[in-house]
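Before any comments, here is the structure.
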Amino acid sequence: STMRERKATAPLHSSTDLSEGKEKLRLKQEVGLISGVSLIAGTMIGSGIFMSPEWVLHHMGNPASSLLIWAACGLLAMFGALSYAELGTIIKESGGEYIYILRIFGSFPAFIFAYTSVILVRPAGLAAVCLSFAEYAIAPFYSGCSSPQVAVKCAAAACILILTIINCLNVRLATSVMNIFTAAKLLALLVIVVGGLVLLAKGQTQSFQNGFQGTTTGIGAVGVAFYQGLWSYDGWNNLNYVTEELKKPEVTLPRALMIAIPLVTCLYLLVNVSYLAAMTPSELLSSGAVAVTWGDKVLGSWAWLISLSVALSTFGSSNGTFFSGGRVCYIAAREGHMPDILSMAHVRRLTPSPALLFTSAMSLIMIVSGTFTTIVNFFSFMAWLFYGMTISGLLYLKIKKPELPRSYKVPIIIPIIVLMAAVYLVLAPIIDQPQIEILYIILFIFSGIIFYFPLVRFKYHPRFLQKVTLHLQLLLEVAPTARDAN
């Protein structure tokens, strides 16, 4: 059977008992429906809707086709999320793509995903959002000129350190921060939506006349436009990373997805219409920060509210990305694909603090070395490569394992559409405009083979690493954890 049977005995780390006869340590089930919706919507609504519209318009060539891209991105995110909802009700474990690839395809592909995701993809996503937070947060201090890169990167690093403290202290504190910031950013988007509707009522519709004139048809340009649009929807799969921390996951997971993603899609479309009502396409393309330009035109002396809203929005999104990204590292370590120390949780706070600290460190390195635009394109290519692999796993289960119990089923045409989109998004930019960076990414993915065979396949564990793990365990006050009993 290709589907890996879950072990009936103790989890991989059989030494995980805190002491003989005591119950094993587990993360708490603290995430309910409201927190689940907040985690999805709060992560999705980040920097993208404030920074990507000009790039989607740039690659598509006109307002009408750019709005179609935004709608198509929302539909694709919804289809992907519904497919993941079925996977989440079959495999009721945290870890998202990692755990699904592990259970369906086996150890080696799962390790390659974990290696790539933990070291590059998740830290890159977090770094990009924190950099955009920093741009807007320090902009008021440098009015009339561009902000120094040193100041931007220092503010982004400070953002990551604050998030690390919040998420290491308490799961409930982290989810409360998500709920509060999600409410704040929804309010800010509603202000932009209402402002746009007022402008349309006044007859400012010139941007929508001859809307399809000059539409781009190149497959590469359309693919890159999708990258920029889908970046704004990234986070649709975040709830699958914390399945073990959900209250009643078989109910909460599908419901939260069906509430959050249509809500975000409608808001994004209305916000883009509002931008185009306030600005001509040429003004939007020349805007460095489209939301701030909109605020200057519509709100006048109250335009500072938009900068504040964007800063709050990106901080909340960073928190959601950090919350779920640390779980991938934690679950991969628990399955033996990362150092043991990363599978441990704080003995009192019950948070996966070593995994969170590692994710934080990798994100700080990304901030020092990267820029927003390059990180987004790099992140999108890697992410859709693994989304496609995960969706193909769902299709395998639907065809070969229909007897597996599941509380939710998605029509098979939906994952087929998502898989076709994933193949297009991975191949189109390579075929149309091949870049040397893609080769570097592929080489990095396959470099995981060097580590897999000695460390995972043949279980070679140097003695000094065991001593380091013990000392870190004492220093961080952490202990190994058990898999949830779902």
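Using the three backbone atoms N, Cα and C, a Cβ is placed for every residue, glycine included.
It should be emphasised that the depicted structure is a prediction, and the values quoted were computed from it without experimental measurement.
Among the features that TrEMBL reports, region 'Disordered' is placed at 1-20.
Under the heading transmembrane segment, TrEMBL lists 31-52 (among others).
Sequence annotations record features per position, and here TrEMBL assigns transmembrane segment to 64-85 (among others).
Positions annotated as transmembrane segment by TrEMBL: 97-118 (among others). Residues 2-4, 6, 87, 91, 237, 240, 328-329, 331-332, 335, 337-338, 358-359, 362, 382, 386-387, 389-390, 393-394, 396-397, 444-446, 448-449, 451-452, 456-457 of the same chain sit 6 or more residues outside the transmembrane segment (97-118) yet have a Cβ under 8 Å from a Cβ within it.
According to TrEMBL, the feature transmembrane segment maps to 154-174 (among others).
The transmembrane segment feature in TrEMBL is assigned to 180-201 (among others). Panel annotation: around the transmembrane segment (180-201), residues 37-38, 41-42, 45, 49, 267, 270-271, 273-275, 277-278, 291, 294, 298-299, 305-306, 309-310, 312-313, 315-316, 319 of the same chain, lying at least six beyond its termini, place a Cβ under 8 Å from a Cβ of the stretch.
According to TrEMBL, the feature transmembrane segment maps to 256-278 (among others).
According to TrEMBL, the feature transmembrane segment maps to 298-317 (among others).
Residues or ranges marked as transmembrane segment in TrEMBL: 355-375 (among others).
Long-range Cβ contacts of the transmembrane segment (381-399) within its own chain (Cβ-Cβ under 8 Å, at least 6 residues beyond either end) map to 2-3, 80, 83-84, 86-87, 90, 97, 100-101, 104-105, 109, 113, 116-117, 120-121, 124-125, 227, 230, 234, 237, 412, 415-416, 418-419, 422-423, 425-426, 429, 438, 441. TrEMBL lists 381-399 (among others) with the feature transmembrane segment.
Long-range neighbours of the transmembrane segment (411-431) within the same chain, counting only residues 6 or more positions beyond its ends whose Cβ lies under 8 Å from a Cβ of the stretch, are 76, 79-80, 82-83, 219-220, 222-224, 226-227, 230, 377, 380-381, 384-385, 387-388, 391-392, 394-395, 398, 438. Summarising the annotation, TrEMBL assigns transmembrane segment to 411-431 (among others).
Here TrEMBL flags 437-456 (among others) as transmembrane segment. Packing against the transmembrane segment (437-456) from elsewhere in the chain are residues 107-108, 111-112, 115-116, 120, 336-337, 374, 378, 381-382, 429-430: each is 6 or more residues past its ends and has a CB under 8 Å from a CB in it.
The highest tally of CB pairs under 8 A with the transmembrane segment (298-317), across 31-52, 64-85, 154-174, 256-278, is held by 31-52. With a cut-off of 8 Å between Cβ atoms, the residues of this chain six or more beyond the transmembrane segment (256-278) that come close are 33, 36-37, 39-41, 44-45, 49, 53, 63, 66-67, 70-71, 74-75, 77-78, 81-82, 84-85, 186, 189-190, 192-193, 195-197, 199-200, 204-205, 207-208, 232-233, 236, 239, 284, 290-291, 294, 297-298.
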